[in-house]
Amino acid sequence: MRQYLNLCQRIIDQGHWVENERTGKRCLTVINADLTYDVANNQFPLITTRKSYWKAAIAEFLGYIRGYDNAADFRKLGTKTWDANANENQAWLNNPVRKGTDDMGRVYGVQGRRWRKPNGETVDQLRKIVNNLSKGIDDRGEILTFFNPGEIDLGCLRPCMHTHTFSLLGDTLYLTSYQRSCDVPLGLNFNQIQVFTFLALMAQITGKKAGQAYHKIINAHIYEDQFELMRDVQLKREPFPLPRLEINPDIKTLEDLETWVTMDDFKVIGYQCHEAIKYPFSV
């Protein structure tokens with residue numbers, strides 16, 4: 001995927017070294033990156049210049065759609081992505097609101113499905129969007145946001161990819177996703193799969209055609225212990241053609257996504273890739 005490699009090269013060539021207090025590492029950083037995914041023509045943005053794993057990314061976002069707040073529920077879907085943040089983040093372990101093992105608090109999907117109002121009632125942002133789009137309504141506010149400044153301290157992690165805005169032009173559905181921070185060698189592969197799949201699913205359950213998905217990243221970075229692998233290995237490889245994503249056509253409603261859908265309902269067709277690269281992960 002050439003636009004991904006172009007961003008990596010831009011960071012290598014133009015990035016500024018920034019100290020990251022949370023991880024104790026330096027990051028080579030650029031501000032503002034824009035990526036576009038062709039969902040209409042099913043050009044699935046799975047990185048081909050190293051072996052990439054897509055199921056955990058879709059499983060995680062399915063957990064957000066369901067409003068999960070417990071790492072055990074994510075494991076049942078097929079992803080362990082929340083194990084460390086729920087159980088090994090010392091600040092969260094010391095937080096008195098934490099309910100115990102695997103509790104994530106009010107993060108991501110909790111905000112998307114149960115945003116709290118001052119009177120104690122909750123707002124289901126996703127349901128409102130699905131209802132409107134199914135009726136052909138775009139009120140220019142079809143926005144799903146996971147970023148709630150008033151409840152940051154009630155969860156184990158601030159959202160990185162935090163807001164998703166849907167737009168209708170005729171019967172074609174578009175998505176613009178916003179991300180405050182991105183570990184490009186590791187996280188971006190995960191996030192671009194989620195952006196693509198979210199639009200594909202929402203188009204399918206609302207009866208619309210999928211258009212383009214736009215992904216805006218504010219702070220795009222490569223950690224210092226990832227730098228040489230990116231510069232000397234991954235950027236030396238030629239990408240293969242992008243694969244396709246097949247989604248079970250029996251998925252027709254939000255209730256389907258909430259109840260019976262599993263990773264068996266997704267298939268990637270025609271994926272070719274280079275050998276795996278083991279990038280260090282920063283917690």
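The chain as shown is numbered from 1 upward.
In case you wondered, yes, glycine gets a Cβ from its N, Cα and C as well.
These come from Swiss-Prot:
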BINDING   Arg22, Arg180, Ser181, Cys182, Asp183, Asn191, His221, Ile222, Tyr223  dUMP binding site
ACT_SITE  Cys160  active site, nucleophile
BINDING   Asp183, Ser282  (6R)-5,10-methylene-5,6,7,8-tetrahydrofolate binding site
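Overlay of Swiss-Prot feature records on the structure.
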residue: Arg22; record: dUMP binding site; contacts (Cβ under 8 Å, 6+ apart): none
residue: Cys160; record: active site, nucleophile; contacts (Cβ under 8 Å, 6+ apart): Gln179, Arg180, Ser181, Cys182, Gly187, Asn191
residue: Asp183; record: dUMP binding site; contacts (Cβ under 8 Å, 6+ apart): His221, Ile222, Tyr223, Gln226, Phe281, Ser282
